[in-house]
Amino acid sequence: MPAIVLIGAQWGDEGKGKATDLLGGRVQWVVRYQGGNNAGHTVVLPTGENFALHLIPSGILTPGVTNVIGNGVVVDPGVLLTELKGLEDRGVDTDRLLISADAHLLMPYHVAIDKVVERYAGSKKIGTTGRGIGPCYQDKIARQGIRVADVLDPAVLAEKIEGALELKNQVLVKIYNRKALEPAEVVENLLEQAEGFKHRIADARLLLNEALERDEIVLLEGSQGTLLDVDHGTYPYVTSSNPTAGGASVGSGIGPTRITTVLGILKAYTTRVGSGPFPTELFDEHGAYLAKTGGEVGVTTGRARRCGWFDAVIARYATRVNGITDYFLTKLDVLSSLETVPICVGYTVDGKRTDEMPMTQSDIARAEPVYEELPGWWEDISGAREFDDLPAKARDYVLRLEELAGAHVSCIGVGPGRDQTIVRRDILATS
């Protein structure tokens, strides 16, 4: 059976948790393959219960699904334990969560350095969440990181942390005038935390490939979005990992030929958190309307999201760099009650028209949107369950987005609940 990749096709916050939750009952495995607790998924169950997840895959809320934190994720042990306890306190079975032995651990010095560097950056800061994600990935690439499996050997763990702090403390004390961290204290705290998760450590790549050989379905769940990818996003205003579909293989250990479907998640308008270019951003009453009606506040950061009209340029770009086969369009209901609904179909940069993503970041920053206006609709669509239940103008909007994005819109979200979804094509049946 196939592996299916689920990715954000904009700047994150597209509603990936809803998509995972919808598919979760028909898959056997859900894998988080990159990022850390710098992103969040919100899942609303049919009972009305609302869950905000940051590290743990959304499949944890579906009985019978095995969930994996893959090797591409950076794991803050304290956040992991807090999230597990929060789920267990609400009656969620967490026994089905495994953690790749090769995932990297986010350490206290990563958080300290992240916060102080961002503070000293002043006006040039990139809007990091301050959770240590970037510094942890830096250590991973520099081959100085602490892996999850290291907690199984206290002597090796102590040696690695002592070596890391020789340099980190120099940076904290001599450059930023901060207090040094005690290696023994860091080791002791981590080993204490490890008692709460070391029974979950597994050879994830082996288990996942064995599952595929047994014809089980594996859903690979990305965090953030395409335009935040460190290689393909609006650099330097990006995350430190690869949320794009290519990162799914690297961050899970599943070979690319195993992947048969790439499901992109698109919000019916566009949002972004933090700094960076955003060609369709709105600063008027329409932006305020989208923010209020869409509840646009970051799950992890609590920061208000910047809002703008749908940008077909970045949707086409996401289709291309991810090889997207299907789209899940979310929050279509938010656009009800608008007289017209503009779609960005291209840009002008220094007076020249382009329908593609500009090659340089300076050009993206100067890009002015070219809009095509579609008539809006006034009906409440939250009860629609079939495509034909939508008003004609809402259907026209979806079909135009589909045409511009270059991939089939297979699912449409018309509200936050799991059941508030229109399925036009069964993604699993076509995989």
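Here the Cβ of each residue, glycine as well, is placed from N, Cα and C on the backbone.
Summarising the annotation, Swiss-Prot assigns GTP binding site to 12-18, 40-42, Arg305, 331-333, 413-415 and lists sequence analysis as the type of evidence. Counting every protein chain shown, the Cβ of Arg305 (substrate binding site) has 22 other Cβ atoms within 10 Å. In three-state terms derived from DSSP, Arg305 (substrate binding site) belongs to neither a helical nor a strand segment and is classed as coil.
Take the CB of Asp13 (Mg(2+) binding site) and look out to 10 A: across all protein chains shown you find 27 other CB atoms. According to Swiss-Prot, the Mg(2+) binding site annotation covers Asp13, Gly40.
The IMP binding site annotation in Swiss-Prot covers Asp13, Glu14, Gly15, Lys16, Asn38, Ala39, Gly40, His41, Thr129, Arg143, Gln224, Thr239, Arg303 and is backed by sequence analysis.
Per Swiss-Prot, the feature active site, proton acceptor maps to Asp13.
The active site, proton donor annotation in Swiss-Prot covers His41. For His41 (active site, proton donor), other Cβ atoms within 10 Å of its Cβ number 25. DSSP gives His41 (active site, proton donor) a strand state.
Residues or ranges marked as substrate binding site by Swiss-Prot on the basis of sequence analysis: Val299, Thr300, Thr301, Gly302, Arg303, Ala304, Arg305.
If you measure from the Cα atom of Thr129 (IMP binding site) to that of Gly40 (Mg(2+) binding site), you get 12 Å. Inclusion criterion for the binding-site residues Asp13, Arg303, Ala304, Arg305: a C-alpha placed within 10 angstroms of the C-alpha of Thr42 (GTP binding site); this criterion is met by Asp13. When the Cα positions of Asp13, Glu14, Gly15, Lys16, Asn38, Ala39, Gly40, His41, Thr129, Arg143, Gln224, Thr239, Arg303 are compared pair by pair, the longest gap among these IMP-binding residues is 34 Å.
The C-beta environment of Gln224 (IMP binding site), restricted to residues of the same chain at least 6 apart in sequence and closer than 8 Å, consists of Gly8, Trp11, Gly12, Gly35, Asn38, Ala39, Thr239, Ser241, Pro243.
Long-range neighbours of Arg303 (IMP binding site) (same chain, six or more residues apart, CB within less than 8 Å of its CB): Val273, Gly274, Val297. Separating the Cα atoms of Arg305 (substrate binding site) and Asp13 (Mg(2+) binding site) is a whole-number distance of 9 Å. Other C-beta atoms found within 10 angstroms of the C-beta of Lys18 (GTP binding site) number 26, with every protein chain shown included.
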